[in-house]
Ligand code: DX5
Ligand code: ZN
């Protein structure tokens, strides 16, 4: 399968959100990655449901919603209502992850579990068969534009090994510090989906940058 590119709206120009989403609509991007933060699970607050509601009628790409919040299970219905394609919940924020994953899938959305940089992939041994995707954080979540944590490459290899050993087709998505150089190494390590925030939105030609990432 050709890899997928999911630009993260967190680095977009919020004064011109409609134009930014329309740029993504007209690009080679596969998904639009949306980062929800609560100021508790991560030391920052981004945007929430009113913004997602506003984007819903104009966004033509599948929405990949990344919840960096405590108790993500409380918002399954709201995320489904905005028409999200994928709902990512953090392993570290989910006491009853199996139940949350089932609730997400019951709505028709795809379910993904997200790991912080310090959380080992071996903890997925008894849940990976139930999720559609694993999202590995390659920065500590909370902010765009941070430096890529090198260890993620090796972690991606180990996750890919687990998926292959179990005969699954779970997708691997990587989020944080993705550019042409880190992106190439992540794809070689087994990644399927690359999230890119600042590398896309702060580039002089975001459409071309997305095309370049797609051609990696
Ligand atoms: C970080 C977010 C990321 C962020 C990535 O907490 O989850 O999606 O937008 O930004 P870059 O690509 O700039 O590291
Ligand atoms: Zn994210």
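Here the Cβ of each residue, glycine as well, is placed from N, Cα and C on the backbone.
Just so you know, TrEMBL annotations never went through curation; they're auto-generated.
What you are looking at is a predicted structure, and each value in this text was computed from that prediction instead of being measured.
Among the candidates 132, 175, 188, the one that TrEMBL lists alongside 33, 35, 66 as binding divalent metal cation is 175. Taking the binding-site residues 144, 177 in turn, the residue surrounded by the fewest other Cβ atoms inside 10 Å of its Cβ turns out to be 144. The closest partner of residue 33 (divalent metal cation binding site) among the recorded positions, by CA position, is 175; the full candidate set was 142, 144, 175, 177, 198.
Taking the Cα atom of each, residue 35 (active site, proton acceptor) and residue 8 (substrate binding site) are about 7 angstrom apart.
A separation of roughly 11 Å, to the nearest angstrom, links the Cα atoms of residue 142 (substrate binding site) and residue 175 (active site, proton donor). Residue 175 (active site, proton donor) sits 11 Å from residue 198 (substrate binding site), taking the Cα positions as reference.
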